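**Q** Sharing a structure here in structure tokens format.
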Amino acid sequence: MIARLRGTLLEKRPPTLVVEANGLGYEVEAPLSTIEALPETGREVILHTHLSVREDGQTLFGFRTRAERDLFRRLIRVSGVGPKLGLALLSGVDGEELVRCVRDDDPKRLTQVPGIGRKTAERLIVELRDRLDGVGGGSTAAPAAGADHPTGENDPVSEAIEGLVALGYKPPEAARMARNAAEPELGCEAIIRRALQRAVPRGG
């Protein structure tokens, strides 16, 4: 089991990262909260990881804190929630808010995440309610300097569209969301975060 990865950040293409360690390039999938907190490419990063092994391949998931990884592991134990959906949940709702939704019995907030219907949201709340002791999501870490700015020459809007599609949105919807959220000087991660925040109105 790979529990921790330390190396040079080569690529940031939400939700995918490439980290080079000891001459090997590791492809890592990470929630938006983790990607936003990382430095620019070329810098050293440390990720707490979870390796998912299935018949069709292996996927390495990375998180900026142990608490966020632990929350992910609790999520994927819920019936009907696999690693991909768990990643989408932690990208659409940050860890602390997810914990709040469970403790406040608020399934409506969770149903705004692609792939989460009413029944799945209610099941999440029921099954997670007694599993969250000591878990807060670890979302208090501040984003790294420069995280809200483009990290390469690629169009941040196009990369944001790709990221939203990877999180479960249909391409036309992802394009609309990204373009509506885009502003000059915003990088890919910031556009995705803004698009997700607009898609999930608070207090609704």
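Cβ coordinates come from backbone N, Cα and C, glycine included.
Relevant sequence annotations retrieved from Swiss-Prot are reproduced here:
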REGION    1-64  region 'Domain I'
REGION    65-143  region 'Domain II'
REGION    144-153  region 'Flexible linker'
REGION    153-204  region 'Domain III'
**Q** Going by DSSP, how much of the region 'Domain II' (65-143) is helix, how much is strand and how much is coil, in residues?
**A** 44 helix, 0 strand, 35 coil
**Q** Which value does the mean pLDDT take for the region 'Domain I' (1-64) in this predicted structure?
**A** 95
